[in-house]
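Enquirer: I have a structure here, written as structure tokens, and I will follow up with some questions on it.
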Ligand SMILES: [Zn+2]
């Protein structure tokens with residue numbers, strides 16, 4: 001995937017876009033000339049040379065965001081989301097690459113399915129869609145899927161996950177961790193000890209007691225992470241922890257990192273902003289797995305993200321059809337939209353710490369996923385995958401205005417800072433003036 | 001003022017007392033030859049039951065009929081509900097039928113809260129999942145007041161499967177509001193985390209029934225399903241009965257004036273011995289009768305009397 005050089009010497013290609021006076025990762029304003037799919041020049045008062053000019057005054061340029069955890073629902077639940085609609089939502093959120101989770105129907109546990117998703121992503125052409133392969137056949141947690149075949153396929157899968165389910169069997173988890181070393185793969189674990197979360201509906205604590213909803217105890221996550229970091233250490237493999245949600249998990253991770261275990265972890269925007277008190281409405285738009293936790297957990301997660309104990313932000317964008325949310329809490333599917341609001345939530349949580357945001361939302365996730373074209377600060381010769389943010393804008397989230405096919409955003413009515421003005425994928429805009437180009 | 005009754009927390013002391021006082025007036029109707037008041041003539045009350053609970057449904061039905069309301073029983077069994085119609089669609093149907101009040105029993109906690117978003121009439125929670133059952137708490141309070149003359153200052157032991165009990169949650173909330181001191185008793189596996197902080201500060205927890213009995217004015221025994229032992233909440237029905245069941249010798253530890261309550265249906269020999277259930281301390285039969293009066297009062301006040 002190095003088409004950006006296909007036009008030959010980038011300096012010689014016809015300039016396509018000139019972004020004027022933009023603050024690259026928050027630095028002093030400069031111009032960016034995009035040509036031949038790359039950033040051709042960076043500097044003050046560049047000549048347009050026929051390029052279309054984009055006014056970057058007051059805007060911040062970030063490397064295109066990279067989401068390590070997206071549910072695109074295709075194949076199988078195209079009523080909730082498609083690769084195309086999810087890609088559009090991603091572009092509008094400032095993303096240039098998303099990793100599509102494997103829990104589709106059929107499950108992405110063969111080369112055929114991952115190639116199908118990869119191809120659909122290419123056809124949509126709004127973000128790079130990097131499929132994640134299932135660890136076990138049918139996500140059943142019983143035997144390994146053909147990980148090597150997925151790695152060797154056109155989709156070049158490197159991340160494997162049974163997300164939605166935990167690879168609970170310790171022997172199987174050990175084997176998976178070991179096996180993917182052959183192609184520098186990583187196992188992304190949805191850490192949830194299933195015996196401790198049977199029937200679980202929300203975080204186990206004061207609020208679940210009051211609401212009479214079966215609790216999902218923090219220890220069910222922490223116990224699996226503790227086991228998995230020890231396994232990863234034992235076999236010398238890479239482990240990635242999905243959607244870490246508790247203060248206790250942060251401590252387990254801190255300990256593992258101190259020991260030099262090759263472990264990375266993600267946190268979702270919703271776990272950084274919302275608490276289990278939201279369940280009091282019994283509105284399942286707040287039902288998610290792992291569940292929203294306490295304000296003490298939220299504080300610990302924020303600190304860990306700043307400190308780097310948590311490496312990245314990933315959305316766990318999980319679209320659901322209306323009928324799967326407009327019902328009783330216990331019958332609703334867990335999950336929330338995230339792509340279109342992630343950056344705003346992070347600006348709300350972290351403030352305008354641009355380098356930190358670029359690190360946690362673009363550079364590090366790209367590195368974990370092995371997406372070499374992504375996650376690079378705009379500079380001469382770098383693939384022009386970038387997004388322009390207006391930090392001064394504030395917007396009130398309206399579910400009906402989401403580009404996603406679903407409406408299950410937990411931020412409805414909330415006013416959040418920041419707006420994505422434009423997103424470029426290999427030098428071509430996917431979003432301009434805050435609107436999707438196609 | 002009060003539109004719905006979804007939780008014991010919806011009731012402040014004044015409102016709860018008004019309901020109990022009104023229930024006492026309603027009780028006099030039961031003694032009349034014609035057991036009917038015209039208060040809700042022309043109003044429609046729907047009993048929407050997603051769980052089999054004949055005793056609760058009959059109690060609400062009798063209450064509504066004694067107030068001359070039109071009653072529609074909408075049972076999940078054999079209706080469009082069992083064919084997968086959503087709660088929201090059912091709500092819109094009830095709305096179209098002009099339901100002034102919907103009494104809902106549902107296996108999912110919070111279902112009445114969801115329903116209240118979708119209908120214009122009043123919603124009465126007749127038991128939702130493992131959450132609440134506020135009219136049960138009201139009838140229990142009514143029964144305590146009738147037997148012991150007051151609620152404030154009483155020591156009430158609630159014994160058994162608190163974790164899965166909607167009766168316990170509503171009672172803890174209402175009794176705290178009315179000034180009683182509640183002690184929850186059971187094996188630690190069946191006492192939910194942070195229950196005091198969650199519901200009412202001052203609520204106590206004990207794992208030792210024998211220690212609690214001598215200072216209790218009221219002992220409320222909760223139904224304990226034998227199936228819980230399959231999930232390792234306790235080792236066996238026998239061990240449960242031995243440690244937390246109320247039998248004759250244990251009952252003798254109570255003060256003379258103390259009463260024994262049970263929301264029904266009972267597991268005789270499990271949480272309560274037959275000699276206790278049938279003793280003069282037992283209020284179990286009164287609770288059923290009081291249930292109708294209390295539900296009359298709630299319907300009456302929700303549907304127009306509470307202005
Ligand atoms: Zn997950």
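Every residue gets a Cβ built from N, Cα and C, even glycine.
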Enquirer: The Zn(2+) 1 site in TrEMBL lists A:69, A:71, A:163. Which one of A:311, A:316, A:324 belongs there according to the record?
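Expert: Answer per TrEMBL: A:316.
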Enquirer: Please state which member of A:190, A:203, A:255, A:270 TrEMBL lists alongside A:163, A:243 for binding Zn(2+) 2.
Expert: A:190
Enquirer: Which candidate from A:103, A:377 does TrEMBL annotate alongside A:71, A:72, A:73, A:289, A:320, A:334, A:335 at the substrate binding site?
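Expert: That substrate site, as TrEMBL gives it, pairs A:71, A:72, A:73, A:289, A:320, A:334, A:335 with A:103.
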Enquirer: For the recorded Zn(2+) 1 site formed by A:69, A:71, A:163, A:316, which further same-chain residues have Cβ atoms within 8 Å of the site's Cβ center?
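Expert: So the additional residues around the site are A:70, A:101, A:164, A:242, A:243, A:314, A:315, A:317, A:318.
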Enquirer: Helix, strand or coil: which one is residue A:289 (substrate binding site) in, per DSSP?
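Expert: Assignment for residue A:289 (substrate binding site) reads coil.
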Enquirer: For residue A:71 (Zn(2+) 1 binding site), what is the tally of other C-beta atoms lying within 10 angstroms of its C-beta?
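Expert: Step by step: centre on the Cβ of residue A:71 (Zn(2+) 1 binding site), count other Cβ atoms within 10 Å, giving 26.
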Enquirer: At the level of the C-alpha atoms, what whole-angstrom distance separates residue A:289 (substrate binding site) and residue A:69 (Zn(2+) 1 binding site)?
Expert: 13
Enquirer: Fewest other Cβ atoms within 10 Å: which of the binding-site residues A:163, A:316 wins that one? Let me know.
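Expert: Output over binding-site residues A:163, A:316: least Cβ neighbours within 10 Å is A:163.
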Enquirer: Show me the subset of A:72, A:163, A:334 whose Cα is within 10 Å of residue A:190 (Zn(2+) 2 binding site); these are the binding-site residues I mean.
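Expert: Taking A:72, A:163, A:334 one by one, the ones whose Cα falls within 10 Å of residue A:190 (Zn(2+) 2 binding site) are A:163.
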